[in-house]
Amino acid sequence: MPSDSEEVCLQQSGTGVYENVVYSKETSDRAKRYAGDTNRKTIGRYSAAVQNLIPLRTTERNKNNGGSRIDDAGLFSFVTYSWVFPYLYQAVRGKLDRNQVWGCSFYDSCGLNMARLEVLWEDEKKANAKSPSLFKVIYRFISTRLWFSCAVFFFCLIFGFIGPTCFIRRLIAFAENPERDEQSRIVYSYGIALVAAISVVEFARVLSYGATWAVSYRTGIRVRGAVLALLYKNVLNSKDLCGKTESDVINIFANDGQRLFDAVTFAPLVLVGPLVLVGGIGYLLMVIGRWSLLGILVFFVFDVIQFGLGKSMVACRNLAIVKTEKRISMMAEIIKYIRIVKMNGWEQIFSAKIDQFRKEEKVQIRKSGYAQSLAIACGPVVPVVAAILTFVGVVLAGNDLLASDAFSAITVYFVMLFGIRMIPYGSRYLAEAVVAMRRIQEYLLLEQYAPYPVTNAEDVVLDCQGATYTYQPKAAKAPVDETKEPTENEVIVVETPVFTCSFDKLSIKRGEHIAVIGAVGCGKSAILKAISGHMFTTDDALSVDRSQTVYVPQKAWIFNGTVQDNILFGDKMNSERYYKAVNGCQLTEDLTTLSVGDRTEVGERGATLSGGQKARVALARAVFQTKNLYLFDDIFASLDKKVANKIHEEIIQKLLKKKALMMVTNNMELLHHFDRVLFVEGGNIVADGNHDILYEKNDAYKTFVDACETYQATSGATSPCGDGPAQPAPLDAEILRNSSEDLKGDADKLISDEEDMGNSTIAWRIYKQYIHAAGGWPIWTCLVIGFIVNVVSNIFSTYWLSRWLKKGHDETTTITNGTEFLEMKTSLADSPVTGFYAAVYLVALVVLTISGLFKACVFVKVSLTAATRLHDRMFQAVIHGATSFFDSTPTGRILNRFSKDMDEIDVKLPFTAEVFLQNMITCLGFLVVITSVFPYFLLFAIPLFVVFVVFVSCFRAGIRNLKRSEHISRSPLYDHVSASLEGITTIHTFQQSNRFLEVLKKHLDCNSGAIFMFQSAMRWLAVWLDLLVVVMTAIVALLTVMLTGTVSPADAGMAIAFAVQMSGIFQFAVRTQTELEAKMTSVERVSYYADNIPEDGEWNTRQGLDIESSWPANGQINFSEVNLRYRKSHPLALNDITFEIKGGEKVGIIGRTGSGKSSLANLIFRLYPVTNGTIYIDGVDIRTVGLVKLRRGISAIAQDPSLFSGTVRFNLDPSLEYSDSMIWEALEKCHLKTLVQSLDKKLEADVSHGGNNFSVGERQLFCLARALLMKSRIVILDEATASVDAGTDKLIQEVIKTVFADATVIIIAHRLDNVRNMDRIMHLKNGKLINFTTPQEMFKDDWSVYKLEDKDDDQHSAVVVGENSEHSMEKSSQGSSQESDDIVKVENEQKDSSDDVVHIESGDDDVKADSSEVKETSSDTDIEVVQ
């Protein structure tokens, strides 16, 4: 959220581009003027860029505020990146942390640029409503900067072309035929002038090249930030994502944003680079003549080859991206539902699915890699082949070839190579950018969450004269992209008929309370979603003020922050309203259990809160708002009856008494409290009126209500036994008693992997791990030899040409004419060794080609093998990791490894490594040749090398730290996006989209700043190393002049040609080495997960393999003195638990939140290791049983029914063990057969992400059917009916009683009606076993009332037990904070040390569970059953 120190300044300048730009208090007046000038499209919008053209600037406006210093850079600092130097200098002095990375410039911030891009996008949609183009919008967005970059780069090419064509050629000609004075002495001044000219043009080339990247980097950052921010804004404001998932959006942030950045930054090189071919062709025709057409033809042939390779790479990359999306989507589901995967022993099943996705992905990556490597391998071959064919043709045709012409031509060929190399670069980046833009455009075209018309009547808050809503948009029949393969979690076609929600006439007045009831799947929730604006309609006639409407979905959404943050939700604190919301939602006592109360951090998705606490926090958030209309979707589903009744009384009947309210409920007892009841069937409101009138006059309504009440009565629904969670809490409630600081301090060190900047140097073991993963040292040795042979053959071809030229021109013919001797040099064509040299020249060409193909193919195989093994090791470590790892590690952080890091290892790391090896070996070869030609060069090379070592060694740490900072800054960004999408409906209805967008901008700018700093630091190294090579080139040229006559022109020309080529290759080699090391951080991060995630346990132990296949046959469970402690610093979650459950016995477990109920179940599944003690199943210590055997022998039905994307069959039988008849039988027993038969594909029908195309009740029945198929002897239900209506609850209870009659059944209960018919009931308190007896013993007689109440701010749970009818009940004098009249006075409190029981005297014969409340003074004692 925006910090308190930020000053929000909204620019009010009409309907301009920047109406809602947020300025911090550090934002300069110059920046604000820039925004205004850009808004008005005046020349002033270029003022910021013009400032960088000032040669020298000394002001440092951003020195102390963390802003980017590029805004204050002068021209020299801008083009040489000297403004980065202070940061790199700090890196030399010690370890840097993330906070020292300079922030993003205001001019590059995503907020400012998103505003402009949004206007352009809206203009495009208006101009081309049917087919708007994001490509056109981005072009308009960057056109000025793009063409300016192209112009600068054009000058760079001109400078680079002038050097070899004008000055180097003349320098070599000077060496061949030096200018002499009258005394035949060489005149060096002309040669020195040529050296100076070469130095100047090379210096200008380097600076203009650096300027090109400086402009392009800022352009790329602006495009990436603007597009991602606009994407997030559109997604956050969309009605529905139309089948797209969180992982799809995160994948765009992780990969597509970077692809846009790469495409934009390389665009000037791709657009202008090929122009050098035109200049090269003209020069060669002028100098070499018509035979140069052979070389030109070679370039065009290779152009065609490169184009084919590029096209193939494009197609393969597109398919690879689709396959990657499928894998990431499945990984997101696995991580999200990891407990379900583990408890069912499905690790191998999902490993097989991921392995299959990975294989499909590798096929396309391999093809793309081959195309890319062959394109890279073609690069060095092209100028050599062109030169060989050109020179051989010239010589064999009888023409002479001078060294000056030959080596200037070779230099030009290598300059032309730049244009050739841009083709694979351009093809790759363009292909990926096109795919990225196409995918992003789909999100930008999502239908937006628009406001409804506001009703005119003052006393009416909602008015509808007839409307029909669906979950699918109007354009549901849009054409399908044939080239795009659907991801696993996409709902391609939902076979069920399109669900519609209709109501002819509906109005709600102020202060009117309306209940919505109906059977499971009838459309109750749909009505609330339609009113809140989250469904699609074609005939909307609904009028409601959405800004005055609050919607609370059944599944509570909690974001990572404090409890107070979640309740205030961006609003200012109002103590009175806040207290009423917290107190009315029964949160006061819960806050006292947290170490810092409502300032306690709740973790990702509220990880440290139970399900009931999450629901009440979400409700308090809504109650804190002062709105006119409240929409509650079964908010009491995850709460016990007592707590629900209290909240209903305090919140619904009192606090919201004068507000309009519509609430979905399954509690028939509450209907008489509502003014009206809506009865829903099949998506239609079939009855609307007062409960009593409908009950008397509407038979269907009466039948439904009677059925629900009968079920509740016959099942003995009384008081609850705890406010159990609606979803499985990642950490058991015992951990809740520890502060968020404890969680952070004691959490796995894997968390600090993201927080710590790590060591500044990549350890050698990381390289060894990569080498071993690739196949070991032998294969790498062969690969390096292939690179060396390829480079040597390349250099040898030029060396051999110099030998040929030298040999041919050194031969002489003596002519005798009397006493005169005339010595004449023969031409190269007349030399008798021409054939030999030409043949060797051609052999070098063959070796060069073969070695290039060899190293390209082998490198692709080696790098992909390494990536595959690293991925597989990490995946196996994650899926078999301990549950505690997932408790303490955010989902986005894990997905970051499988998406961004694996993309680096799959694609970018191999490319960088291949280029590094090629260029580094080439540079070493060039230096060897130069030194052999000019031994004096060593005198200069030594100090140059020292300068080089100082440059590289001093700043490698800073560059690597910047790369780590970029990695670290991604995780908060992804976590925020993921959390936002999970709570999108809440964000909409609470009008918080803008606030969450501001948080996104903050995270995105932080990430953009790190990316820009890293790229700028890399370019700093490149520029200064290029300048170092310019000095080296000048030295070689000077030696050529000074040693004229002692060194052959051919050798001198070869040395100069190699020195000039090094100007680009050397810095690229060093930069790619540093970039390679930076990209190795991805290998480091992946390897860290692979090696450091604690294991879940032995998958198959030796003892486990010897156990009979029928184990467990009886289902007997024994706990012997079992203790459980989640972390060393935490108290015992289970304390000395000993009990025995007989085979086939039905046991209910009750206790308050934090009592240890879920911990006990966790131990049976071995989700956590036992601290002390032993657990036996059928007499076998479960620690000796493999996890797969143990967990597949136990069935688990969780509270939150979730299905995986795929098919119905896969969700019922993922291991394909059962026949169709067995599956249909299970579906029939679970009352799902009719539903599945109605689907077009029956068992092969598609299931969407999370099973969202089925209702909650249907998903729960599917989970029950899955457990039924397994035929386990032990079944554990973690309150499987907590979130379903009474009808579904009844079905589930019937299935449990009939189908699992012979199995051992353990029910973790939050409703007493679900355990009162058990054989025995286990009562846990604070991790201790308080009581384990029959329901008859626990309840005694019918007149005994067992109450385990929820606690409010000064009241604790109690069990009122009447021994006779003569007890009395009095009103507590200390109950001033309670507005209920039914408060019992504790007259006598006595603690029984042996039974841990508090006795209460009450004095009323009819103590009702729903109305009595018990006060007690002990702060940590629950009132228990009196035996």
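Cβ atoms here come from the backbone N, Cα and C positions, even for glycine.
Under the heading topological domain 'Cytoplasmic', Swiss-Prot lists 1-147 (among others).
Marked as transmembrane segment by Swiss-Prot: 148-168 (among others).
The feature domain 'ABC transmembrane type-1 1' is assigned by Swiss-Prot to 151-432.
Annotation comment: Swiss-Prot describes 186-206 (among others) as transmembrane segment, evidence class sequence analysis.
Annotation source Swiss-Prot lists topological domain 'Cytoplasmic' at 207-268 (among others), citing a curator's inference.
What Swiss-Prot records for 269-289 (among others) is transmembrane segment, and it gives sequence analysis as the kind of evidence.
Among residues of the same chain six or more beyond the transmembrane segment (291-311), those with a C-beta under 8 A of the stretch's C-beta atoms are 277, 281, 284-285, 371-372, 374-375, 378, 381-382, 385-387, 389-390, 393-394, 397, 399, 409, 413, 416, 420, 423-424, 426-428, 431. Annotation source Swiss-Prot lists transmembrane segment at 291-311 (among others).
Along the topological domain 'Cytoplasmic' (312-375), the predicted structure has mean pLDDT 87. What Swiss-Prot lists as topological domain 'Cytoplasmic' is 312-375 (among others).
Look at Swiss-Prot and you will find 376-396 (among others) tagged as transmembrane segment.
Note on the transmembrane segment (400-420): residues 160-161, 164-165, 168-170, 172-173, 175-176, 273-277, 280, 283-284, 287-288, 292, 295, 299, 302-303, 306, 378-380, 382-383, 386-387, 390-391, 394, 798, 801-802, 805, 809, 827-829, 1048-1050, 1052-1054, 1056-1057, 1060-1061, 1064 of its chain, located 6 or more positions outside it, place their CB under 8 angstroms from a CB of the stretch. Feature annotation from Swiss-Prot assigns transmembrane segment to 400-420 (among others).
The feature topological domain 'Cytoplasmic' is assigned by Swiss-Prot to 421-770 (among others), with a curator's inference given as support.
The transmembrane segment annotation in Swiss-Prot covers 771-791 (among others) and rests on sequence analysis.
Feature annotation from Swiss-Prot assigns domain 'ABC transmembrane type-1 2' to 783-1078; the stated evidence is sequence analysis.
According to Swiss-Prot, the feature N-linked glycosylation site maps to Asn817, an assignment based on sequence analysis.
According to Swiss-Prot, the feature transmembrane segment maps to 834-854 (among others), an assignment based on sequence analysis.
Here the topological domain 'Cytoplasmic' (855-909) has, by DSSP, the following mix of helix, strand and coil residues: 50 helix, 1 strand, 4 coil. According to Swiss-Prot, the feature topological domain 'Cytoplasmic' maps to 855-909 (among others), an assignment based on a curator's inference.
Within the same chain, the transmembrane segment (186-206) packs against the transmembrane segment (1023-1043): three or more Cβ pairs sit under 8 Å, each pair at least 6 residues apart. Recorded stretches compared: 148-168, 269-289, 771-791, 910-930, 1023-1043; the one with the most Cβ pairs under 8 Å to the transmembrane segment (1050-1070) is 1023-1043.
Tertiary neighbourhood of the transmembrane segment (834-854): same-chain residues 374, 377-378, 380-381, 384-385, 388, 391-392, 395-396, 786, 789-790, 793-794, 796-797, 800-801, 803-804, 807-808, 828, selected by CB-CB distance under 8 Å and a gap of 6+ residues from either end. Taken residue by residue, the topological domain 'Cytoplasmic' (953-1022) breaks down under DSSP into 66 helix, 0 strand, 4 coil.
Under 8 Å from some Cβ of the transmembrane segment (910-930) lie the Cβ atoms of residues 369, 372-373, 376, 380, 784, 787-788, 790-792, 794-795, 799, 859-860, 863-864, 867, 937, 941, 1036, 1054-1055, 1058-1059, 1061-1062, 1065-1066, 1068-1069, 1072-1073, 1075-1076, 1079, all in the same chain and six or more residues away from its ends. With a cut-off of 8 Å between Cβ atoms, the residues of this chain six or more beyond the transmembrane segment (1023-1043) that come close are 79-81, 168, 171-172, 174-175, 188, 191-192, 194-195, 198-199, 202-203, 206-207, 209-210, 930, 934, 936-937, 940-941, 944, 947-948, 951, 1052, 1055-1056, 1059-1060, 1062-1064, 1066-1067, 1070-1071. As a summary of secondary structure, the topological domain 'Cytoplasmic' (207-268) carries 53 helix, 1 strand, 8 coil according to DSSP.
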